[in-house]
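Engineer: Please find one structure pasted underneath; my questions will follow.
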Amino acid sequence: MALKVLITGAAGQIAYSLLYSVAKGDVFGKEQALSLVLLDIPPMMEVVATSDEAVAFADIDAAMLVGAMPRREGMERKDLLAANVKIFKSQGAALDKYAKKSVKVVIVGNPANTNALICKKYAPSIPASNFSALTRLDQNRAQAQLAGKLGVAVEGVYEAVQDDNWLNNEFISSVQQRGAAVIKARKLSSAMSAAKAIGDHMRDWWFGTQSRWVSMGIISDGNTYGIPEGLIFSFPLTVGEDRSWKIVDGLDISDFARENSNLHMNDSASSKWIHHIFIVAKYNIILQIIYEFLVPRHCTVL
């Protein structure tokens, strides 16, 4: 029998953290079924709890695919590939069979670009432009690094730092290794910053970006930067009110940035699914920041 539990002030900061612990089973036990009553939350939300993909994916408008084999200390992204193929093959098929064809999908589990490509392959009836990989976490971290370098708030980062040595070394290394540093310190992945990035990603997709640039891993077809078609690659985008994205064209890419692009594209093209012949793309974090931050210094950044 489900235990009925009331939490008041459910929209507040304390409840924000408490709800997770209660729902996870830390309070009343992991085997105890719960019926949560949340006072101060307007009755505008329906919550469906299920382990059935047919129920979970039925007629959905947006999908945030967070569930994946977690990254553990000492693991590289390529080590996650084999474990995640099964998950995203199944979820791609479920999207294809049950979801609305207009569904917007963001894949979070690493390697996100590869997982997005797998998911897209098994949902052929859904437009490729409706699939994306999360790179907003790297964008947010990059903005924070630049803000620290400039001594301004994150919201005030409008131009890149006039320091090529810092950009090409410490900046890239810090952003690239931030996830591993968090895992080393916490023995767990960076949950709060990842959740914030997912929310940022889907909010901007849903409501548009006006003139702001944002980072999303999207299908590379039709790009003007020489990136091979058929890959999931992170570009600077704007998103219109109709929720369609457009790659920001016309940026001059530095030699350093181009060299790194080619390096990781070559690495990506050589990766294959284990037990599959479908060639997939696998990218490191550095690719997300190439277009936003390693462009000529007169360029407006975010």
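Note that Cβ sites are derived from N, Cα and C of the backbone, with glycine treated the same way.
Taken from TrEMBL, the feature domain 'Lactate/malate dehydrogenase N-terminal' applies to 4-131. Under the heading NAD(+) binding site, TrEMBL lists Asp40, Asn84, Val108, Gly109, Asn110. For Arg71, Arg77, Asn110, Arg141, the entry in TrEMBL reads substrate binding site. Per TrEMBL, the feature domain 'Lactate/malate dehydrogenase C-terminal' maps to 155-260.
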Engineer: Could you state the CA-to-CA distance between Asn84 (NAD(+) binding site) and Arg141 (substrate binding site) to the nearest Å?
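Structural biologist: Cα-Cα distance, Asn84 (NAD(+) binding site) to Arg141 (substrate binding site): 25 Å.
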Engineer: CB neighbours of Gly109 (NAD(+) binding site) within 10 A?
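Structural biologist: For Gly109 (NAD(+) binding site), the 10 Å Cβ neighbour count is 24.
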Engineer: Could you tally the C-beta atoms, other than its own, that fall within 10 angstroms of the C-beta of Asp40 (NAD(+) binding site)?
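Structural biologist: By my count, 11.
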Engineer: Quick one: among the binding-site residues Asn84, Asn110, which has the most Cβ atoms sitting within 10 Å of its own Cβ?
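Structural biologist: Per the Cβ count within 10 Å, the most buried is Asn110.
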Engineer: Taking DSSP states H, G and I as helix and E and B as strand, how many residues of the domain 'Lactate/malate dehydrogenase N-terminal' (4-131) are helix, strand and coil?
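Structural biologist: Residue counts for the domain 'Lactate/malate dehydrogenase N-terminal' (4-131) by secondary structure: 51 helix, 18 strand, 59 coil.
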Engineer: To what whole number does the mean pLDDT across the domain 'Lactate/malate dehydrogenase N-terminal' (4-131) round?
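Structural biologist: Taking every residue in the domain 'Lactate/malate dehydrogenase N-terminal' (4-131) and averaging pLDDT yields 87.
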Engineer: Looking only at Asp40, Asn84, Val108, Gly109, Asn110, the residues listed as binding NAD(+), what is the longest Cα to Cα distance in Å?
Structural biologist: 39
Engineer: Measuring Cα to Cα, tell me the gap between Asn110 (NAD(+) binding site) and Arg141 (substrate binding site) in whole angstrom.
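Structural biologist: Taking the Cα atoms only, Asn110 (NAD(+) binding site) lies 17 Å from Arg141 (substrate binding site).
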